[in-house]
Amino acid sequence: MQNTTLFILATLLIFCPFFTASAWSVNNFLMTGPKAYLTYSASVAVGAQNGIEECKYQFAWERWNCPESTLQLATHNGLRSATRETSFVHAISSAGVMYTLTRNCSMGDFDNCGCDDSRNGRIGGRGWVWGGCSDNAEFGERISKLFVDGLETGQDARALMNLHNNEAGRLAVKETMKRTCKCHGISGSCSIQTCWLQLAEFRDIGNHLKIKHDQALKLEMDKRKMRSGNSADNRGAIADAFSSVAGSELIFLEDSPDYCLKNISLGLQGTEGRECLQSGKNLSQWERRSCKRLCTDCGLRVEEKKTEIISSCNCKFHWCCTVKCEQCKQVVIKHFCARRERDSNMLNTKRKNRGHRR
């Protein structure tokens, strides 16, 4: 995890000098050049990593489970596909960067940034006025756009798709913000309230974008235009296609491959060997169906394995001042996707035959 974060940070610093100083002056920043980017780069790296971790959570029991190869987005080797899943990776990574920058700004981690008090004193609605310390989402959005969108240098349909989904991620941060209020009045009568906007939990943003992923729109596009945006005609046609979609919606251009199957060229491991859930407390219906989705619907069987877990238990405090625990063993039953026995036997036979030929 730490190595991944450092790799993201190093790559961002490599690409940062391509931003122009004029872009910074427009936004009234106190610094220009590489120093300014260094100020925010640590937050950007953490935000990108948080986005990937949220992706793994949201897709933990899906056939595509946000594998490590998705980090190619942050390192700008490029997610070559333009699938529904790619759209989510761009959106959640962009949201993660904006979220972390906004939160760090409100916490006073940056010298040139603080709370958003631009609306303070204005009447917000019946019985309440704007006040307090609103999270500065505008700042987070602006810096996130410079860093994340700045990595997208192409002009073809795939590049525009990535930029659109980056923006959808930032909009998700703003759309999920919550109004928090404090009451004022004699003896707590709450005759008037002072309210401010706060960031939602990042899990709420992940849930929001997961729904957007499930409802993502496919844009039908000429494959030649997807690869080439150089001509004015191509750029115009691509721009027209994108303009019909709301900025908060996720879009994709290509159908997803079969994630049941292993495909080395695409970096897909398939679902064989994946764990699934059949029983347990507080499982959602989606989680309970994971064995069907990952195993049986992919032509695999569900294999039951018993695992022994050793953990501390019956801990007691002894004066003074130690805690002594017993070591307890617990057998846990887990379920995994495995090949059907007939398929495994056929595979073993083929391997033996190859061995004899050698």
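From the backbone N, Cα and C atoms, a Cβ is placed for every residue, glycine too.
Of the listed cysteines C105, C115, Swiss-Prot assigns the disulfide bond with C113 to C105. Looking up S187, S290, S311 in Swiss-Prot, the residue bearing an annotation of O-palmitoleoyl serine is S187. Of the listed residues C260, C328, C337, C260 is the one Swiss-Prot pairs with C298, by disulfide bond. For C183, the disulfide partner named by Swiss-Prot from the candidate list C190, C195 is C190.
The separation of C298 (disulfide bond) from C66 (disulfide bond), Cα to Cα, is 18 Å. The Cα atom of C320 (disulfide bond) lies nearest to that of C313, taking the disulfide-bonded residues C55, C115, C313 as the candidates.
Separation of the C-alpha atoms of C328 (disulfide bond) and C315 (disulfide bond): 11 Å, rounded to the nearest whole number. Closest by Cα distance to C105 (disulfide bond), from the disulfide-bonded residues C133, C190, C276, C291, is C133. Taking every protein chain shown into account, C313, C315, C321, C325, C337 are the disulfide-bonded residues, and of these the Cβ with the most other Cβ atoms within 10 Å belongs to C337. The disulfide-bonded residues close to C133 (disulfide bond), defined as a CA atom within 10 A of its CA, are C195 out of C195, C295, C313, C315. For C181 (disulfide bond), the same-chain residues that are 6 or more apart in sequence and have a Cβ closer than 8 Å to its Cβ are W128, Q193, T194, C195, W196.
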